Amino acid sequence: MKLALLILLLLNPHLSSSKNTPASGQPQEDLVEQKCLLKNYTHHSCDKVFCQPWQKCIEGTCACKLPYQCPKAGTPVCATNGRGYPTYCHLKSFECLHPEIKFSNNGTCTAEEKFNVSLIYGSTDTEGIVQVKLVDQDEKMFICKNSWSTVEANVACFDLGFPLGVRDIQGRFNIPVNHKINSTECLHVRCQGVETSLAECTFTKKSSKAPHGLAGVVCYTQDADFPTSQSFQCVNGKRIPQEKACDGVNDCGDQSDELCCKGCRGQAFLCKSGVCIPNQRKCNGEVDCITGEDESGCEEDKKNKIHKGLARSDQGGETEIETEETEMLTPDMDTERKRIKSLLPKLSCGVKRNTHIRRKRVVGGKPAEMGDYPWQVAIKDGDRITCGGIYIGGCWILTAAHCVRPSRYRNYQVWTSLLDWLKPNSQLAVQGVSRVVVHEKYNGATYQNDIALVEMKKHPGKKECELINSVPACVPWSPYLFQPNDRCIISGWGREKDNQKVYSLRWGEVDLIGNCSRFYPGRYYEKEMQCAGTSDGSIDACKGDSGGPLVCKDVNNVTYVWGIVSWGENCGKPEFPGVYTRVASYFDWISYYVGRPLVSQYNV
């Protein structure tokens, strides 16, 4: 029966989406990955999320860019301090550094025109029905309840000076009986959740005159009373009901309730990186998962939506496509944010055109063809090729620290586009070496920090290295881009398990393995090392493969150098998987030497 169910799931993967919903009787907290929570991830953690266009990733945290680092193209905007800025990005960058200054409106500033949000009919200043005064409107207006969600409520509370966001969007407010409110004249609002002011959200007015109900909010304060045993502790100190964690909604206000998930509640979408996002963000034209799968296979999804006449609702479900006439009252600043994002520099990479620890060694692999692994290089020391390496762009090669010594850099050559030692091909290029950088904390006894950089010499009169037939592999910035059981590829000229020499470049597929302490107790360091192999040991790296690549492809077939062949024992034995240097742990170290623009993508 279990086998039949497994076959059914494999034939119809859509059935497996039910994993996002907790099974009956399953404890709600089981959806939260406790080990991940210890890292205190928030919406500013670039291991889990993309930074905004006015931010950059520094040591795992989205930090403020300086305004001059923003793209120059754009329309002027006005801030709450009455000062104009050349673009939305310039203002958001300034706000990032000075949070008290917020967006007011598009265009130039005028003394009398200011956006305003307020609450009325509440018992305290933390709650009430929401009113807004748009810049070009004469009167304050209410917001329609049917366009109001936790997303918009969070932004309203941020705007009102409550940094922990919303506590509830339901409330009993004290509307005097003699106050007649016309709920047919309310405004509709749509936010994305990245805004800090409601002024950045899009306001519209519908032609319908039916009553809508009015949006209200109760903002969160530190004295909110949530039972500790039945609540989720957000990184910012806020507490929310446990059942609201991993539901695709940013209830914490800092997104910490959605970044450490093993599954998602309701219709939320689970990224491979353990992040839950609202279902309506799937196939919306913008990548939200750092692993990219929310924008994969979207053509079929769009066809189905059009065929069914459905659109995504604010709550992540589906609703009929609206035909009601809508008047847009404010510019769509989210479209402007996406436009700014599109202007950021693009990176082209990853797409083809002796002790008891033995230095590692591809066993059981297949011969490679020209162009299969254009990032693979060989490092020649004197008259013999001793190690592999990975081209990562510019003049830089990534390899293992145990392969090279800084003092011997003049002895090394980098061979690119090499397929066979014995039959040099016409595409083969030989580069001299100008510098070797070994990680300062490399430990030759334990193989910790077994990583090094080799800088190739530039040809006379050239500003850059020109490797015509080479393509750089992308450098991963997050440890969550790939997961245990993902299938990846190793390549090299290492010996076979019978110690027979190999002269042609060979490759093989291996699976990433989780914590390998059970195979190498006391010698495996999870943060710095990655295990990979096959269940029968038929594919492995072997002596001579050291320094070479363990590469993995994402859903868009972009190749990342996930590991560097480092060490292991007993070539080709299933109980002794290969151990690789985990490259994602060294992104900042690599970028320090090679320059961030060479390896940075997605605004990292």
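Glycine residues also receive a Cβ, built from the backbone N, Cα and C atoms like all the rest.
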Disulfide-bonded cysteine for Cys109 as listed in Swiss-Prot, from Cys78, Cys89, Cys96:
Cys78
If you check Swiss-Prot, which of Cys276, Cys283 bonds to Cys298 via a disulphide?
Cys283
Choosing among Cys234, Cys271, Cys276, which residue does Swiss-Prot name as bonded to Cys252 by a disulfide?
Cys234
Would you mind checking which of Cys36, Cys57 shares a disulfide with Cys46 in Swiss-Prot?
Cys57
Cys465 has a disulfide partner in Swiss-Prot; which of Cys387, Cys395, Cys542 is it?
Cys395
Bond partner of Cys276 - disulfide, per Swiss-Prot - picked from Cys264, Cys271:
Cys264
Based on the record in Swiss-Prot, give the one of Cys219, Cys246, Cys289 in a disulfide bond with Cys271.
Cys289
Cys219 (disulfide bond) versus Cys260 (disulfide bond) - Cα distance in angstrom:
25
Summarise the model confidence on the domain 'Peptidase S1' (362-595) as a single mean pLDDT, whole number.
88
Same-chain residue ranges lying at least 6 outside the domain 'LDL-receptor class A 1' (218-262) that approach it to Cβ under 8 Å:
28-34, 36-37, 39-45, 48-49, 122, 126-127, 149-151, 154, 156-158, 160, 162-171, 193, 268-270, 274-279, 316
Inter-residue C-alpha distance, Cys552 (disulfide bond) and Ser546 (active site, charge relay system) (nearest angstrom):
17
Work through the active-site residues one by one (His402, Asp450, Ser546) and name whichever has its CA nearest to the CA of Cys96 (disulfide bond).
Asp450
Please classify the secondary structure at Cys264 (disulfide bond) using three-state DSSP.
coil
